[in-house]
Number of protein chains: 2
Amino acid sequence: MMAIIDKIKEIFKHWSAIHHIVLYYLLAVIIATVVVSIPVFHNSGIELSFIDAMFTAVTAISVTGLTVVSISEVFNPAGQIAIAVILHLGGIGIMTMGTFIWVILGKKIGIRSRKMIMIDQNSKTLSGLVKLMLEIFKLMLIIEFIGAIILTIHFLNYYDTIGEALLQGVFGSVSATTNGGLDITGASLIPFADDYFVQFIYIILIVLGAIGFPVLIEVQEVLKGRVYGVNDRNKFSLFTKITTVTFFWLVVGGAIFIFLLEKDAFFADKTWHETLFYSLFQSVTSRSGGLSTMDVNDFSMPTLFLISALMFIGASPSSVGGGIRTTSFAIMLLTIWNYAKGNSSVKVFGREIHQEDMLRSFIVITTALMLCISSIIILMKTESFGLMEIVFEVTSAFGTTGLSMGITPELSTFGKFLIMALMFIGRIGIFTFLFIIRGDDTKDRFHYPTERVIIG
Amino acid sequence: MMAIIDKIKEIFKHWSAIHHIVLYYLLAVIIATVVVSIPVFHNSGIELSFIDAMFTAVTAISVTGLTVVSISEVFNPAGQIAIAVILHLGGIGIMTMGTFIWVILGKKIGIRSRKMIMIDQNSKTLSGLVKLMLEIFKLMLIIEFIGAIILTIHFLNYYDTIGEALLQGVFGSVSATTNGGLDITGASLIPFADDYFVQFIYIILIVLGAIGFPVLIEVQEVLKGRVYGVNDRNKFSLFTKITTVTFFWLVVGGAIFIFLLEKDAFFADKTWHETLFYSLFQSVTSRSGGLSTMDVNDFSMPTLFLISALMFIGASPSSVGGGIRTTSFAIMLLTIWNYAKGNSSVKVFGREIHQEDMLRSFIVITTALMLCISSIIILMKTESFGLMEIVFEVTSAFGTTGLSMGITPELSTFGKFLIMALMFIGRIGIFTFLFIIRGDDTKDRFHYPTERVIIG
Ligand SMILES: [K+]
Ligand SMILES: [K+]
């Protein structure tokens, strides 16, 4: 037994933290593909092809929600529970899982690796790190549990048996909290298009998943500190302030622009409360939720393009969401504004943004952009859909959002693989993706003279 | 007389260099609008509306080439010459013109302003600057003159009178060298679709205009230094190396990808030389030329999207072209690659890129991106065209390229104003555009502590 562990340690020794994370994700995809392929999880008479099984596995692991098959048609209740478990594990993050394995294998976690997992002032030690991850685990389970109870009770109004209501409640809560975007209603949240209570619960669960674990932990600690005086932590980090404010404005701004673009179109014959909830829900879900209370094809082109842009931005870092993440977007805007104003530094919330973080944000955004544009050009060549459908599908996959204009099941095998790759990259993040090509950390110590060039 | 000059000096004293440049461009647009409105320049029976006159003025000043009216239908030979003159002045750049006026007004040119005009090691003094600009003027005129002679002689094969051949030759040479994109054939270069000699001459003229003045001057000086030993300059600057190599690869790569995307479509029934020239010419013209040997609608969607991306990148800085410029694009790629590899600095051609230039490149790219995406969403709302047509039109305007899928004349008045604004911003450049909102150069001297955040 010890020999095996030693052997594993040996293999892992030469791998960087990033390669580990990517490896765990790939392993998770393989295991999930096997799980969803097991016939015992399928309804009778269902034949699930390898590519469709793999697509379902990737969409669940990456908590995206784009699907080539209907979950409720293909999978029986046992299969649906299995998918909920995969969503749950995918949502909490193989990153967290990976770190556990790592800690068990006794590998020393370097300062950079720890930063990759989470920036938290209180987890400077290994035990602090484990404690933190257990807290994430606990927190996610509590949120999912409370969500499931509320939804199950409410769903008794919709479904005949307690069993059915429970299955819908549990799956719904997990899919919302993990921003999984999958449904077992067969029609996303369209059956609840006029049930504002359900939508309200879903919005809260989606936001709690997409706002980022560090934010949840910090809020918890600050509350503890203020109410019980348990610790001396009573200030939020710059990260929490930036990501939360950006998240808030993306949701509010998104809803306002969706309203403005659709007020004479889709909303023309709707009441004010229908308009409010459609605008708000679509704005929230485009952060990374992926569930929808309507067929997005009912929106007009400018709105669909706006939603594509919102999906490209995505959710907070260290959350269940994908995309370029809120911090990159916020730092980009702040940097541009301060540069235009001629300020020597980027100041926000009484702090300054590090030059390296600015550069990182721009690197993430432009790399994501080139990735998406290349994918769009390739898919236009290999598939026979319009530009709008493809832009929407690509940004939805990269943002691990899961909204679609309906082309996912019609994609060619190549197209399915490309969308899978985008969901995968969206989930691990551009930053991790870029690190894959990095070799050993041998710093280049020599320097050339610097020479300025004309820009733009 | 002296009183007037003093008064002008007084007004100009509180203006930054950037505001001057923008002001001169606006003045040029007003003057050009008046010029193209003069009925003596029109063919008989032509009514040119104010908005169409202004659009023609902006397209000429910004050397873009998008048109709401046919130049050959609306303008008589005198009007066509007037437009050639506007193109010439627009191409050489109001920046150069502005600097002359400035020098005449005796205003001291600061180090930053001079850098805005051109980075040249030899022009540290005011007299050096004037000398440099006269050189640009001279160089452009020589190129246009030689081009006009060659084209006129060749056009004798096409046109009945020497006058007609001369008019076509002069207009063609000016339109090509300034990358003006306008034509008086009534059908761009489609009449010369199988005349490779004409296309070859146009390619050379377009490239000479779009490669950037500093490159031309440096090549001239290095040649002088090597051949005659006139000066000790025999090395190219980092700027020239980066911009030329990028320009070259954009043209070659663009042609290859156009070929790959169209080999089973538009090129399916074409000979190898037709395929070569169509691929090459469309790739060159998408840098910023704007003239076309074919109707771009004959291309398939992926190719049109690729060309949109190429137009967004645009030409070299300090050239007749627009877009984000080659240097921004190159520095973005270099920065991403070196960051992914974990290098501590960006090394290229035995030099290092300044951190500030990286940040500037990314600022230019992301600002341009947001500008174009916003414009696309707005135009989708106000116009009734498909996404592809609008993406193509917007990137063409921002890149001051002038290719169009044909929607320009059908744009609403609002749409025309938006496209004019994009042509204007594309011409002055994102960097200058951002400086417009900059106030007085009062540096913020206080600092906050730096705090890191999680990115992407
Ligand atoms: K999702
Ligand atoms: K042009």
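Placed from the backbone N, Cα and C atoms, the Cβ positions cover glycine too.
Per TrEMBL, these features apply:
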| type | residues | note |
| --- | --- | --- |
| TRANSMEM | A:22-41 | transmembrane segment |
| TRANSMEM | A:53-75 | transmembrane segment |
| TRANSMEM | A:81-105 | transmembrane segment |
| TRANSMEM | A:139-159 | transmembrane segment |
| TRANSMEM | A:196-217 | transmembrane segment |
| TRANSMEM | A:238-261 | transmembrane segment |
| TRANSMEM | A:299-315 | transmembrane segment |
| TRANSMEM | A:360-380 | transmembrane segment |
| TRANSMEM | A:417-437 | transmembrane segment |
Below 8 angstroms Cβ to Cβ, which residues of this chain, lying six or more residues outside the transmembrane segment (A:196-217), approach it?
91, 118-120, 132, 135-136, 139-140, 143, 147, 150-151, 154, 172-173, 176-179, 189, 237, 239-240, 243-244, 247, 251, 273, 277, 280-281, 284-285, 287-289, 291, 293, 315-321
Return the stretch with the most CB pairs under 8 A relative to the transmembrane segment (A:299-315), choosing among A:22-41, A:53-75, A:238-261, A:360-380.
A:238-261
Hey, which bits of the same chain come close to the transmembrane segment (A:139-159), Cβ under 8 Å, at least six residues off its ends?
88, 91-92, 165-166, 168-170, 172-174, 176-178, 191, 197-198, 201, 204-205, 208-209, 213, 216-217, 220
Would you kindly check A:53-75, A:238-261, A:417-437 and say which stretch has the most C-beta pairs under 8 angstroms to the transmembrane segment (A:360-380)?
A:417-437
